[in-house]
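K.L.:
Please read through the structure below; I'll follow up with questions.
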Amino acid sequence: MNMHEQFNFAIEVLGTISFSMSGSFAAMQKRLDPFGVLIIAFVTSVGGGTVRDLLLDIPVFWMHDLLTCALIILTSIFTMVFKSFEKNFRVTLFIFDSFGLGLFTIIGVQKGLHADIHPLICIGLGTITGCFGGIIRDILLNRIPLIFRKEIYATACIVGGSAFLLLTKFTTLSYTIIQIFTILLIVSIRTLAVKYHWQIPKFYGYENNSEM
Amino acid sequence: MNMHEQFNFAIEVLGTISFSMSGSFAAMQKRLDPFGVLIIAFVTSVGGGTVRDLLLDIPVFWMHDLLTCALIILTSIFTMVFKSFEKNFRVTLFIFDSFGLGLFTIIGVQKGLHADIHPLICIGLGTITGCFGGIIRDILLNRIPLIFRKEIYATACIVGGSAFLLLTKFTTLSYTIIQIFTILLIVSIRTLAVKYHWQIPKFYGYENNSEM
Amino acid sequence: MNMHEQFNFAIEVLGTISFSMSGSFAAMQKRLDPFGVLIIAFVTSVGGGTVRDLLLDIPVFWMHDLLTCALIILTSIFTMVFKSFEKNFRVTLFIFDSFGLGLFTIIGVQKGLHADIHPLICIGLGTITGCFGGIIRDILLNRIPLIFRKEIYATACIVGGSAFLLLTKFTTLSYTIIQIFTILLIVSIRTLAVKYHWQIPKFYGYENNSEM
């Protein structure tokens, strides 16, 4: 593997680990037993990429990738065993999760471009790759889906994906530089949004909350 | 495009617009921010067709169709900007949504027949195409899924799809005529069902509501 | 068909019937109308196998299999008409459902191995085949997903799938014998778990139930 592949590989591993941890924590909070925790950790890690691969009609990435599966299982067991450290973990987890979101989003955009999908649609694919794992996790755990509690989550993917496309098209920066920059951009947007309670202004003042 | 293709194209555009509007309204009612609204509008519009294409293992229709994506984004923005008109819109929206349901159902049946699927299964594909977008929207928004509140929704698809198959098989009417008729049939069934609170009689008197 | 195929065919039919019945009962409890019941029965029966086939990128099994669809429809109608017998049915239903779970799990593992998927991942495919139908049913009916109420459900699939792999690899027992044994193993685990309220010990004492 050249340096660029090693870079991708390293952060993909970190992303998988972090999503697996966030899934495990969420499942343990809902009192699932160890096997239930394992399943939720798995769905959270591979959900987004699976939907992306199905939409692109390319082989689902984890079907022939034992490493991903092993990583998820080991991380999930590790999380259950050491969960007592959770308080110390929480910040680390948030950082890992944000990096996972950033990397998975960019990977999604790249896979879309590689399959000759129009850039605008690739931004959607990146967002799906980054967000759907968490959405499926929340639906299975009967929680209000993520997208619905911290919308900045999806917004960060859309902004980061757009930045990635613009920089690759209009600048001569090296691919790896652009990747690092856009991943950090997504991480920063999300971190700052959570830290300072950012909200996208709702320019429509919808008061009627009755079901249509 | 010949006249028949133009006819399909025109109503497909109307259907996409209407589902995008209904998704946007539902998301705004749940106080999602603009990006969240956009995502829900997108899912509502393409959800049914996406599941259908995955089941048929044909390319997912919107992956190479920028027009659909652009239409959804513009409609969603338009809906957010002009939502103050919503009250005036509500009837128009209902009509559009019903037409979308009708057209998408028939398109689903047609795509199934075209892929040599047995007619009985094609009715299912038509129903999926018409209904799943709304079901996914409701699951993401944590609402009681549509299929569960106004069952006539799915029933209209099943009846319309069956009528389409019977008319194409046993009559000599032109394809476009049959299309128009079955679409109008679905629209009428749904409209009358909502207007007169039609219900399919539950011939089983299930009283025990405890979880199994 | 040779004897082994007939054996598979017979239990697959039983599994389809049983999942169709459990779906119909759940939908009737939620007061869906007949068409709604039919749709839920269908989703419960084919949901798991559909996700499995999409992941393996092989043709979705029921798209060209009218028998499955007819079986589901007839079973669902039968269940609605004769639901008054439900009390007498409940035990039969539980047994059928457990056998369906066992057979579908083993079929999932087999299809995975047949597609050259790593055994560890095949266990996951088996679990998905056995469990996802019920999960989707519960999500559509807005119930707390199965996996979350009786975790032994998924656990039984994982144990049974693992036993199937170990026995085929390390013993010389005939394929059919191993199949029958592992199916009975899954059925027994689930039955005993429900009868004696087995729980996998949660070795992590998670008390904080707040959303992250």
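Cβ atoms here come from the backbone N, Cα and C positions, even for glycine.
Sharing the feature lines straight out of TrEMBL:
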type	residues	note
DOMAIN	A:10-83	domain 'Glycine transporter'
DOMAIN	A:95-168	domain 'Glycine transporter'
TRANSMEM	A:35-55	transmembrane segment
TRANSMEM	A:61-82	transmembrane segment
TRANSMEM	A:89-111	transmembrane segment
TRANSMEM	A:117-140	transmembrane segment
TRANSMEM	A:152-170	transmembrane segment
TRANSMEM	A:176-193	transmembrane segment
K.L.:
Counting by DSSP secondary structure, give me helix, strand and coil numbers for the domain 'Glycine transporter' (A:10-83).
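P.N.:
DSSP classes over the domain 'Glycine transporter' (A:10-83) add up to 64 helix, 0 strand, 10 coil.
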K.L.:
Could you give me the DSSP helix, strand and coil counts for the domain 'Glycine transporter' (A:95-168)?
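P.N.:
Residue counts in helix, strand and coil order: 63 helix, 0 strand, 11 coil.
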K.L.:
Looking only at residues six or more beyond either end of the transmembrane segment (A:89-111), which have a C-beta under 8 A from one in the stretch?
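P.N.:
Sequence-distant neighbours of the transmembrane segment (A:89-111): 8, 11-12, 14-19, 21-22, 25, 48-49, 52-53, 56, 58, 122-123, 125-131, 133, 153, 156-157, 160-161, 164-165, 179, 182-187, 190-191, 194.
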K.L.:
Does the transmembrane segment (A:35-55) make contact with the transmembrane segment (A:152-170) through 3 or more Cβ pairs under 8 Å, each pair 6 or more apart in sequence?
P.N.:
no
K.L.:
For the transmembrane segment (A:152-170), give me same-chain residues lying six or more residues beyond its boundaries with a C-beta closer than 8 angstroms to one of its C-beta atoms, as numbers and ranges.
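P.N.:
Contacts of the transmembrane segment (A:152-170) (Cβ under 8 Å, skipping residues fewer than 6 from its ends): 101-102, 105-106, 108-109, 119, 122-123, 126-127, 130-131, 134, 146, 178-179, 181-183, 185-186, 189-190, 193-194, 198-200.
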K.L.:
For the domain 'Glycine transporter' (A:95-168), what is the mean per-residue pLDDT, to the nearest integer?
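P.N.:
Across the residues of the domain 'Glycine transporter' (A:95-168) the model's pLDDT averages 87 on the 0 to 100 scale.
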